[in-house]
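The structure appears below as structure tokens.
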Amino acid sequence: MAALQVHVLLVASLVSSRAAGQCLLQDAALLSYIDQRFLSLEKRLQKCNQDVLEYVEEFRGFSTRVLSQLAGLSSGKAELQRELQGLLRRVERAQRDIDYFGSATEPNACVEVHQDLLEQQLLEEEEEKKRLKLMLNASCDHVLAGIRSLKVVKKTGGKHGSWMKDPGKKHAKIYLLSGSVNNVILEFANIMAFMENNQTLKARRVPLPLPWEGTGHVIYQGFLFYHRHGSLNEIIKFNIQRRKVAGQMLLPGAGRIPAYQLSAQTKIDLAVDEQGLWALHAEPETGGNIVITKINPSAMAVEHSWDTPCSSRDAEAAFMACNTLHVVYNSPSGGSSRIQCVYDVLGALSAYMNPGLHLPKRQGSHSTVHYNPKEKQLFAWGDGYQIIYKLHTEQKV
């Protein structure tokens, strides 16, 4: 019995020793695997560092080459500049030689050439005057002598806006364009409908695909002509009945400064008279003086331009009547509006200052003053009021 117990103990001891040995073998294998992984990671890190060093060296070499090439360009630029200066000196010497030979030749030939050029220039100017008279159909035989009276039709809208009739149509419709930036026209059947208290309810609303800027727009022969908001000098031609854009053009030189100092919201002021469509604007190159441009409304193209002596300083509005520009001036604080500069594009009247034409019995300022050649009246917008001025004209002398 004792021998059997000893045998059992020996067997248990052997089994325990074998299990311990297996655990040691497994631990050793795990440590070996971890060691191999660390060695692999170390090799990869070492390669990454080596690649970074190679990239750094390559970039340094590239930077050195670029700096060297830039230095070469600088020296080449200096050399080119020296050659250019030498060429300019040679041109100056050649110009002196030409001047010398020119002064040594017979002057009479030059005089004859100059006379021919002068005669040709005078002939061209005379032909241009004839062309302008034909283009403008110079049938206007009257001048503005005074403003008889005013009629305050209504007060609607804010400080800036314009209202008008279409002088190219037989209907009596009234058009209201409120604000200096907007995209909706209000059309009324006649002036009585416009004067009613609930006039906006009876108006036909005509939305525009492109908004206007300023208050210098006009309606002529069924089309609205206006300065497109957000553009420097683009003029849009809009068909009111069909509600679609019918044309557009750019007005050279316009849009950089206001047409009138006291109406800064208007960069381009369009106008209509007996001869058709005009554009009024000011340019820095003219010292801020007003420029007149005749526009062909069908082709949307410039026909001719005139620089005038009429300043935009302290001007608040202007209008064309019978080929003649009339500029309305005021004080910056508002006061009695007066016409102080008149300019006839055909030269029948020389430009003159302070003709003494006051807009009667009204203090304030005007956002727009537009001439209606059909009714010989001024349609004005003054501080939210819609006003009609009746004109007094005389025969041209």
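Heads up, the Cβ atoms here are built off N, Cα and C, so glycines get one too.
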Candidate cysteine (Cys140, Cys310, Cys341) that TrEMBL pairs with Cys322 in a disulfide: Cys140
For the disulfide-bonded residues Cys140, Cys322, the one whose C-beta sees the most other C-beta atoms within 10 angstroms: Cys322
